[in-house]
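Below: the structure, in structure tokens.
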């Protein structure tokens, strides 16, 4: 009986020693480890909040609630100065600096100040020369993304900006704005030969070469002369083999933008050349000229077709 009591006492002392050892060493029993892992899994699952609209997950419920404004369009934070609304309070705080004139971010190189950190970051590229946006078609680099977007259109030949006065289209908005001054006649310079209007004196000067016949730009390869520098640049590609203009429909490349624009008609079905006698339309001007012979009754020579 005494032996049994001593055995129980030793057993209880052993358990106490084990607990003390675990406490001092930081070790956990197998059961304790299982309980901890289970608790961790439970905690992790509770902190995982998923958006039912797009599947994006968040660790906090508040973050999910803020995110949902993207889908609902809710903008609870309004500017007291101009009434503009925002989805997040921080965005309103940044916006308010426009009205207060507060500039929290200053360039250490030139002293220019900005209301937002991202604007300072973009500004710094002027000093560092960084051009992080690269054209995939020709490899040219740009400081700003919008400059890359405008440049990319030059490869496709798309003219997204149209004048509502005359219907003329342009690849860049800045070119359209420049063109609009012709209609408003703001600070216009008029050619006395043909009465065409220009917004800048230099543009009028360049235009006058059409009347004078001046061709100041010569090709160093073959000596051919051109009225305008862009015409020379375009001609130089015949020597270099460069083809910077790519068809967005089939990937075919061209050295001249005009050739690309003409080629695209095959995909779009556009037929801009119409016969005034029968209203039949054609994709190419040469086809219209050939068609006109059917009305005149003239026999078309091979040389005249070409």
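Glycine is treated like the rest: Cβ placed from N, Cα and C.
The feature region 'Disordered' is assigned by TrEMBL to 1-48. What TrEMBL records for 1-25 is compositional bias 'Basic and acidic residues'. Annotation comment: TrEMBL describes 34-45 as compositional bias 'Basic residues'. Feature annotation from TrEMBL assigns domain 'C2H2-type' to 49-76, 77-104, 105-132, 133-160, 161-188, 189-216, 217-244, 245-272, 273-300.
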DSSP-derived helix, strand and coil totals, residue by residue, for the domain 'C2H2-type' (161-188): 12 helix, 4 strand, 12 coil
Contact ranking winner - 77-104, 105-132, 133-160, 161-188 against the domain 'C2H2-type' (245-272), Cβ under 8 Å: 133-160
Take the domain 'C2H2-type' (217-244) and find every residue of the same chain, 6 or more past its ends, with a Cβ under 8 Å from one of its Cβ atoms. 137-138, 154-155, 206, 209-210, 253-257
For the domain 'C2H2-type' (105-132), what is the mean per-residue pLDDT, to the nearest integer? 85
Per DSSP, how many helix, strand and coil residues does the domain 'C2H2-type' (133-160) have? 12 helix, 4 strand, 12 coil
Report, as numbers and ranges, which residues of the same chain sit near the domain 'C2H2-type' (105-132): CB under 8 Å and 6 or more residues beyond its ends. 94, 97-98, 141-144
DSSP-wise, what's the residue breakdown of the domain 'C2H2-type' (49-76) into helix, strand and coil? 11 helix, 4 strand, 13 coil
Give me the DSSP three-state residue breakdown of the domain 'C2H2-type' (273-300), ordered helix, strand, coil. 12 helix, 4 strand, 12 coil
